[in-house]
Amino acid sequence: MVNYPHKISSQKRQAPPSQTKNFANRGMSFEKMINATNDYYLSHGLAVIHKKPTPIQIVRVDYPQRSRAKIVEAYFRQASTTDYSGVYDGYYIDFEAKETRQKHAIPMKNFHHHQIQHMEQVLAQRGICFVLLHFASQQETYLLPAVDLIRFYHQDKGQKSMPLGYIRENGYRIELGAFPQIPYLDIIKEHLLGGKTR
């Protein structure tokens, strides 16, 4: 192997190993943006909103070495409700976040009956409840109030997806920014609270 100036090797470059597609964390970039937004709100004293942990029951753990324990069998203890909850200006906040690669709709299979029931219960207690929807292929993000999701869920049970047109008509578009990345509190304050705070 000969090194040329600027440390360029004469050896043929090997192609990087092919990567298999992993769809498990398909929504992670959107989730990371929400988490960064929530961190911003927390550090600036605007809101305290956290991601809810998923309740998991660990069944079996392998200990090949004491420092390398590996969970090999686990299951969900109970169905989780929504992704995030917290407090903003004395109001309870509860919301779900969904990302899709589809251009014109969000699949309704992403919303489970127990989640709809939970949202109904939050609204019955006068909490603020909504869904953040991100259309990755179009880079469009919306806040859809829970009442509109629930109405669609009950009226159109046979439909497999919620059209983007319905979301645009009933939701609020969020322009993505730098700090915070997803300024959803602006929508809550202006549209869901009518500009007033406590």
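Even glycines carry a Cβ here, placed using N, Cα and C.
Note that the coordinates shown come from a computational prediction; the quantities given were computed from them, not determined experimentally.
Here is what Swiss-Prot records for this protein:
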type	residues	note
REGION	1-23	region 'Disordered'
COMPBIAS	11-23	compositional bias 'Polar residues'
BINDING	T81, D83, E96, Q115	Mg(2+) binding site
SITE	K98	site 'Transition state stabilizer'
Completion exercise
For E96 (Mg(2+) binding site), the number of neighbouring Cβ atoms whose distance to its own Cβ is within 10 Å equals 24
Completion exercise
K98 (site 'Transition state stabilizer'), DSSP three-state class -> strand
Practice task
Identify all same-chain residues not among T81, D83, E96, Q115 whose C-beta atom falls within 8 angstroms of the centroid of the Mg(2+) site's C-beta atoms; report them in sequence order.
Solution key: K52, S80, T82, Y84, D94, F95, H118, M119
